[in-house]
Amino acid sequence: MRELWWYIGVVTCLKLLLIPAYHSTDFEVHRNWLALTRSLPLCQWYSDETSPWTLDYPPFFAFFERFLSLFASLVDPKIVHLHEGLNCKSPTAIYFQRLTVIASDSCLFYAIHRLARNFGPIRRNLLWILVAWSPMLVIVDHIHFQYNGFLLGLLLLSISFLMDGRDLAGGFIFAVLLCFKHLFAVAAPVYFVYLLRHYCWGRGLLKGFFRLSVMGITVISVFAAAYGPFAYHGQIQQVLLRMFPFGRGLSHSYWAPNIWVFYIILDKMLVFMLRKLGFSFNPPISSFTGGLVGDVSSFSVLPKITPLTTFIIVLIALSPSLINVWSKPQPKSFSRWVAFAYTCGFLFGWHVHEKASLHFVIPLTVLAVQNLEDAMHYFLLSIVSCYSLFPLLFERQEYPIRVLLLLLHSLLMWLGFSYLYRKTELCEATVAANKLGGPHKASSSGEFKICSMTRIYLFGLVIIELYGQFLHPYLLGNDLPFLPLMMISTYCALGMTYSWIWQLRQIIRL
Amino acid sequence: MGTKKKTRRTAGTVLGNNDAGDSISLQWLIHRGLGPAFVAVSLFGLLIRAAVSLHSYSGAGNPPKYGDFEAQRHWMEITLNLPPRDWYTNGTSNDLSYWGLDYPPLTAYQSYFHGLILRFFDPDSVALFTSRGYETYFGKLLMRWTVLGSDALLFFPAVLYFLYVYHYGCNSRSSCEVAWHMVMLLINPCLILIDHGHFQYNCISLGFTVGAVAAILSNRDLLGSSLFCLALNHKQMSAYYAPAFFGHLLGKCIRRRNPLLEISKLGLVVIGTFAIIWWPYLYSTDAIFGVVSRLAPFERGIYEDYVANFWCATSIIIKWKRLFMTQSLKLLSLVATVSTFLPSMIQQIRSPSGKGFIYSMLNTSLSFYLFSFQVHEKSILLPMLPASLMAREEPFLYKWLILFGLLSMFPLLHRDGLTPPYMALFALFFLLFHTNQGSKDLGLGIGHSSAAFQYSTTVALLCSFVLHFVYLTAIPPEKYPYLFEAMMMILCFIQFSLLAIYCNWRQWKLSEDLTRSWKEKKLL
């Protein structure tokens, strides 16, 4: 534990240093939530429209904000004032909110401590480095401003319980997580099938039914605790309306690097080609040059995509893992299925934000420190997804910070993996495998290498960054400002798609 | 905790190597060699620097004179828009009373060079006259990036050179120790806070000094002395090390076959380097003296603010400024400085050695800090450098100097609005120093850990923490508005003087050890 404190201490110092850095509108979003949960009665939380940043997270998160607002009002009553606090950017407000994010990360640290407690020393240290020092979390939570570390901590905690075979606790925590942020629901099918198969099935009808009802009651009571108060006030419809705003477009303002990038580009190319052939089209209202939040879901040639379509595609995409879960419900593979489910959600989902790549990169870390092949895949994936977050920090001041974070992460990852998967490291691999309970594939026998395809791909990433930062302003000045961003998301989408295929292959082979 | 220990032990026995025994040590960081490890530590160091540079700087938004940030920017403006001859002279377009250039010509050239970069990206920031007090988001960023760039291009390579020289061929040192030493050299909280927070370019002159030390340790004396001349010409404060360099090089020369030739070679290199740097001012003696007089601001009194040196600390009892004229104070401080650094210099002339040289640098710079005329709080950076160079041998000394060096600069940094990064770096230094990864193998426990010693160090640290806390929270009595500053200064002065005594003793003990081993060899 003392070792973990060291890692936490170092990264906390960095986070403290980053307090004056740029923060996005999410800062004001969360400040507004502090204010409205503090000053309004519960029944108005989801109907208040004082600020455009209305509450759109599930109730537990609202309760969490309410809890934080108790301290906020002690620090500076202005932070929690519904009207006077609007766009409050006083140093106290910034320090207070940044410190709450730093403090809430303790949930993540506990989860990785719990996950790593049975690992060998090298694996354990590497896991801490990769998760506690994750550049993605620093960028999204401590610069951009959100509470992902806390939420991912809950997810990892749930995975950790399931890997120990404590299914009820794992399911309970996942239900709690869903009541904090409903975007995590993409993995719910995996949880459902796994818990049904591993916890309830094959233990005789009576015991199975008993367990099913225990699990059901647990989950339902969690949801009741979250939504009950709002149901009491007759607010449920309003809550759900806020939580699922399907009015938003298929893509976020900046395209998340998923499959729809290719879809949009294919549409544009078809328009271009058909125009050449003499057809005429009405261009969609919001052209992709706008780059603002708009309805990008209307296309000129290709069929329109609706939320239902994406929902079905996601379900189809993750069905192989569901079959796999049912046929071989092993606890040690659980983080792989969860990660795969989130990858599907990211790649095919509706209005995906690039930050959502955290949901699968962090669980995959657990596998990467156990398995050489996963490590090689993780090396590429974590660089790509961290790079895809770069457009979040668009101000000049943070440019060196984001580049240094990514470079440092890549280098530490390379050093750590190549130290862990040395030729002589066979013994520890087997020790760790035995500890995890279960036969381990002999894939840990090789050495950690970065294959030539990965090298070429990463080299391309460097070229795109150099183009976007230096060559583009030099050649085109301020024209086509969206082009570098589009290149980033297209190029990263390639990597993400590769990662999805790779994960799918692993799951089929399992 | 119990289960963890058990896992470790099993892993260790299966592996059969020692590093898995207690903890994994820094082995993973350095198993690919010095290069990747150095890059990793450098990236971390740069990240910390970039993060500190997000914070405020000296004199931010504080007209009419602002602070060091404005001084550096003003020098860029002056050097860019005026010919070199006018840089140091008062004129219609160069008002010396507004941050006149008072560093040697190399600083001026550096300002010119950085001014070119600023002019390329943001011409308004260095326009003559109109740019005074120029504080914009982009302007600040460019200035910050020039420091970051100088650090990365000068200080970091110099440290790499030093590490290579210092640890080359020392098989007894495990590679983990090298990694730890690297971290200590590159992440010096005081240097980071002053350069990237307060805003200065100490990394340049200190980088040249590190390069000079490395060159001299690898017996490239000519290169070393020319690098040291560059350091001297960037900041005259580098003269704090001059006696050590002089003593060590002289001692080495007189042991060579042809002492006179060696000395004249060194002399020629020094004169040559100076001549090149001072070229624009060599046309007349008046011009040279004009520049020199700018470099020695005697009119500012023997001490300013609350610096933890002898004059300021004893001024509580003896009112030096009232009792003596500036002239006699100059003489007094000169005598005190020379007499305190002389033993250390003589030791190097008598028996020059690499280790003794670094000790001597520390001793002479400490005696300058403690006794010379017009010392600034920031000058504690100079003794810190040699202490960091031998942090491997004297970890406790380095830690102590950093902890109290930080305390001595706390009021200054607090005024700059740098309290949050100060605290973060304070904690970070503590963590990095006591790295969990094999701290036992690194032997950070100090040799003389008697109960009394432990007790007194704990008390001193406690005092430091209490003073920090009191300074931040309490309001001083009206009669003594600077009471807390004075208390900090006295505490730091006591620590620094004890360290100075200890280091002198250590240096002299080195030559004793040397002669003893000599005698033993002769007897054999």
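For all residues, glycine too, the Cβ spot is worked out from N, Cα and C.
Annotations in TrEMBL come from automatic prediction, not curation.
Record features, source TrEMBL:
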type	residues	note
TRANSMEM	A:5-23	transmembrane segment
TRANSMEM	A:122-140	transmembrane segment
TRANSMEM	A:169-196	transmembrane segment
TRANSMEM	A:208-232	transmembrane segment
TRANSMEM	A:252-273	transmembrane segment
TRANSMEM	A:285-302	transmembrane segment
TRANSMEM	A:308-327	transmembrane segment
TRANSMEM	A:334-353	transmembrane segment
TRANSMEM	A:401-421	transmembrane segment
TRANSMEM	A:482-501	transmembrane segment
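Through the fold, the transmembrane segment (A:5-23) approaches residues 94-95, 98, 101-102, 105, 109, 128-129, 132-133, 138, 142-145, 393, 395, 397-398, 401 of its own chain, all at least 6 residues removed from its boundaries and within a Cβ separation under 8 Å. Sequence-remote contacts of a segment are chain residues at least 6 beyond its ends whose Cβ falls under 8 Å from one of its Cβ atoms, and for the transmembrane segment (A:252-273) they are 281, 283, 288, 291-293, 296, 299-302, 305, 346-349, 351-354, 356-357, 384, 388, 391-392, 485-486, 488-493, 495-497. Cβ atoms under 8 Å from those of the transmembrane segment (A:169-196) belong to residues 57-61, 64, 151, 154-155, 157-162, 212, 215, 218-219, 222-223, 225-227, 243-244, 314-315, 318, 321-322, 325-326, 329, 334, 337-338, 340-342, 344-345, 349, 356, 359 of the same chain, restricted to positions at least 6 beyond its ends. Contact check: the transmembrane segment (A:401-421) against the transmembrane segment (A:122-140) gives at least three Cβ pairs closer than 8 Å, residues 6 or more apart, which meets the contact criterion.
Beyond its flanks by at least six residues, the transmembrane segment (A:334-353) meets 155, 159, 162-163, 186-187, 189-191, 194, 246, 248-252, 256, 258-260, 307, 310-311, 313-314, 317-318, 321, 324-325, 359-361, 363-364, 366-367, 496-497, 499-500, 503-504, 506-507, 510 of its own chain at Cβ-Cβ distances under 8 Å. Counting residues 6+ beyond its ends, the transmembrane segment (A:308-327) has Cβ neighbours under 8 Å at 186, 189-190, 193-194, 197, 250, 333, 337, 340-341, 344-345, 347-350, 500, 504, 507-508, 510 in the same chain. Sequence-distant contacts of the transmembrane segment (A:208-232) (same chain, six or more residues past either end, CB-CB distance under 8 Å): 42-43, 46, 58-60, 63, 167-168, 171-172, 175-176, 178-179, 195-196, 199-202, 238-239.
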